[in-house]
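For reference, the structure discussed in these notes is given below.
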Amino acid sequence: MAAAEEEPKPKKLKVEAPQALRENILFGMGNPLLDISAVVDKDFLDKYSLKPNDQILAEDKHKELFDELVKKFKVEYHAGGSTQNSIKVAQWMIQQPHKAATFFGCIGIDKFGEILKRKAAEAHVDAHYYEQNEQPTGTCAACITGDNRSLIANLAAANCYKKEKHLDLEKNWMLVEKARVCYIAGFFLTVSPESVLKVAHHASENNRIFTLNLSAPFISQFYKESLMKVMPYVDILFGNETEAATFAREQGFETKDIKEIAKKTQALPKMNSKRQRIVIFTQGRDDTIMATESEVTAFAVLDQDQKEIIDTNGAGDAFVGGFLSQLVSDKPLTECIRAGHYAASIIIRRTGCTFPEKPDFH
């Protein structure tokens, strides 16, 4: 009988073993950008015909915007880029081991590139940048007015990511294979859709978790084909209320109800049938919506004193980072959402997507 009594111990270990945190358990790939953020006025937005709450890619008419922003307003520089922000927040929430999170993207060989490398190292992220000298490191102007932020990304180097020159190299691809969860912001579909698909295929075939973000309304509008090519491989889709509405319109869902949109998105065709798709839409200070195969649930965000909110830029990225930090350990989805709300609540009290030394999440 003694043997039978001792049996539960090894069994318990078996359950916990696959959930142990380790290096490179989370993989992210995206556009590494240096954020140049400032509180601006309505005149500045109007001058460059910017919407208060939007994300766009810089065009010729925005050339002067970056210079004017630096000259006219008090600017702050922060290491940014949507995916990179999320990956850093996830690593911060995980704490140990360092380098639990991996990040790929393209930078220039310049001062801004050096800043991004230093900041990634300080955040204990295992960043492997593709470095090239044809284009300078990308920047993103974050024009803040009140609760809103208008983002204008000048991708530059970020746009030069090459699958065959970086992702396909054995030493880099090995890091993708080590990951249990992969996360890519939809923004990267404008740069290297073939890289996104390669990672998505790999995840689907090996029953890893592939997660994607709708990222901005223009992705659903102008990169619809790339987005829908990858959608069958998406296990978890993130987005905010504006992106969800645009996606629904582009897909002909004929509803403006966010819960209905989440439900219809959840039901889109899916490759890996072992994992049912989960759709998560944040709505700023309103409830976060989660659709699973069986139900749609609303989760209230944490109460926040409006006076404490300094900068909502990065809140969505932080939510994803918090969520992923628990997902890699196989925590329940409700815990993942709670961690996402926690991370976002910390980030909006600070400028840029920055955080204190240690999280206080229990």
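Backbone N, Cα and C atoms are what each Cβ position is placed from, and that goes for glycine too.
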Site from Tyr77, Tyr130 that Swiss-Prot describes as phosphotyrosine, others unannotated there: Tyr77
With Swiss-Prot as the source, which of 8-16, 251-259, 305-313, 350-358 is set down as motif 'Nuclear localization signal'? 8-16
Closest to Ser49 (Mg(2+) 1 binding site): which of the recorded positions Tyr77, Asp147, Asn148, Gln306, Asp317, going by Cα position? Asn148
In three-state DSSP terms, Asp147 (Mg(2+) 2 binding site) is classed as coil
Three states by DSSP: which one describes Asp35 (adenosine binding site)? strand
Using a 10 Å radius around each Cβ and counting other Cβ atoms from all shown chains, which of the binding-site residues Ser49, Asn148, Gln306 yields the largest count? Asn148
In whole Å, how far does the CA atom of Asp35 (adenosine binding site) lie from that of Tyr77 (phosphotyrosine)? 6
